[in-house]
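Structure record follows, encoded as structure tokens.
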Amino acid sequence: MARFIFITGGVVSSLGKGLASAALGSLLQARGYSVRLRKLDPYLNVDPGTMSPFEHGEVFVTDDGAETDLDLGHYERFTGVPARNTDSVSSGRIYSSVLEKERRGDYLGKTIQVVPHVTNEIKEFLAIGEDEVDFMLCEIGGTVGDIEGLPFFEAIRQFSHDKPRGQCIFMHLTLLPYLAASGELKTKPTQHSVKELQSIGIAPDILVCRSEQPIPEKERSKIALFCNVRKEAVVAAYDLKSIYEAPLAYHREGLDQAVLDAFAISPAPKPDLRVWEDVADRIHNTDGAVNVAIVGKYTQLEDAYKSIKEALTHGGMANRVKVNVSWVDAEVFDTTDPAPHLEGFHAILVPGGFGERGTEGKIKAAQFARERGIPYLGICLGMQMAVIEAARNVAGMANAGSEEFDHEAGEKRFTPVVYHLKEWVQGNKTVARKVGDDKGGTMRLGAYSATLTEGSKVAQVYEGTAIEERHRHRYEVDTKYRAKLEEQGLLFSGMSPDGRLPEIVEWKDHPWFIGVQFHPELKSKPFAPHPLFADFVRAAVETSRLV
Ligand code: GLN
């Protein structure tokens, strides 16, 4: 039976609860325990799949095809445990399940209420798979006191009450603001936040205090006394140069020890932190830097491409170089020459995206990379754009385009080299979709296998010909044009096992030009950089030596 750690936040949002949870997960693993991390989000969307990346950041996709919060990406990157559909839940999903049951008559005519029906639904969710791991870490999104978060707080309170004593603990993240004028760290917001938590029946066992300044002993004792936690359980969280220093930093500050103490686990197993020491060494001891352009649409919010940014960092770690990422808005050169915007970069990455806006610019970026011999990695939409570019500019199909843009515009304008996929095979079953289907959860989602061509660039990069990667898209490159494109040198070097769906394309006579229909960034880890990103950055290093 798992021990539960509930992680909440107070004072302000964006304190790094997700990172703290992920780092704690990795520290418990370093002590020999198995862990699973979960995110409970109070918003009413059923999942983040339909939320704008501008607003909510990237949608993280799991192997089993769930569209989840980007914090699940942190969890995976720090613990290596593949997240599941049942590791992310929102109020929307909880309510829709409660309402479904109500319509079905499952509640036998009872009045449906937040307590107990909604809270019970949350508790059932929390208990899924509790026998599988030593520790279950559950992060509650938002800040204590938010109206929509209340059912979650009530549910975790009840959950810990239902369990035997000592099986659940509460960890609360707060902020200690620094007043420069008086040179003081202020503890009052933390005290208020804990009071708020206590008023709903939750007494935190551990306080993680974000602070820009070292926390003096006096302040630490004051927080401990007024918030009713042990002094050793007041853990400092200082700003870090890299998020990958977090496990070592939290260990130094005693977080994992405080957690084991709170569960009265004694003697505590010794931690093995070699993985994180190596990660830190690779971040701090680099030799040179490369400049990579991410040519996308959602460039105002870096979180929109969170996993790509992290995977590039991992690629840098694999090569011991720093990767400087520049965000380039594709729309800027939709109708002009891209050269002034792209010259000087050692590699170009075109990420995933939806809708036609900015795609002409992305097509130009692919052309620029192909003609100049600059390493190019096209991900999902970035692969589709590379294929359209090849069809238009190399294979003489001036009108090549994607059906996605015609659907959006409501008129037929292009010869679709990328078409809307309506039926495909997943494992041993066939999945079917129609054009007018709901937007939520109706894409080709989750892990699919691909077979790579022996002797191809990608087979060399992956060091094998059988791979499995995560997908999230509606449209596919049409095999109808395969022969025509391959004749020109654009090889379809990765296909779905049934040979129907192109998964990877690569230019034969180019130093490094690869487009993939899936999202390799979702599986990259600091301690196991994804081979595509590691090799892409290696190619960028080579380019940097040429100029
Ligand atoms: N919009 C494209 C599709 O649905 C690409 C999706 C993506 O890049 N994730 O196929």
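Quick reminder: no glycine exception, Cβ is built from N, Cα and C everywhere.
TrEMBL annotations: computationally assigned, not manually curated.
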Exercise for the section: Write down the one residue from D69, D71, D303 that TrEMBL lists together with S14, L15, G16, K17, G18, L19, L240 as binding ATP. Expected result: D71
Problem - Of G353, G355, G446, residue recorded by TrEMBL at the L-glutamine site of L381, G382, M383, Q384, E404, R474 - result: G353
Exercise for the section: List nothing but the one residue from L15, L19, C380, L381 whose Cβ has the fewest other Cβ atoms within 10 Å; the candidates are the recorded positions. Expected result: L15
Practice task
Using all protein chains in view, find how many other C-beta atoms are within 10 Å of the C-beta of H519 (active site).
Solution key: 24
Exercise for the section: Identify which of the binding-site residues G16, G18, G353, G382 has its Cβ surrounded by the largest number of other Cβ atoms within 10 Å, counting every protein chain shown. Expected result: G382
Practice task
Select the closest residue to S14 (ATP binding site) from the following recorded positions, measuring between CA atoms: E139, G353, R474, H519.
Solution key: E139
Exercise for the section: For the recorded L-glutamine site, enumerate neighbouring residues of the same chain (Cβ within 8 Å of the Cβ centroid of G353, L381, G382, M383, Q384, E404, R474, site residues themselves excluded), in sequence order. Expected result: G352, F354, C380, M385, S402, V418, H473, Y475
Problem - Most Cβ neighbours inside 10 Å, all chains, among the recorded positions E139, E404, E521 - result: E521
Practice task
Would you mind pulling the longest C-alpha to C-alpha span across S14, L15, G16, K17, G18, L19, D71, L240, which the record has binding ATP, in angstrom?
Solution key: 18
Handout entry: Distant-in-sequence Cβ neighbours of R474 (L-glutamine binding site), under 8 Å, six or more positions away
Key = E404, H420, L421, R433, T442, M443, R444
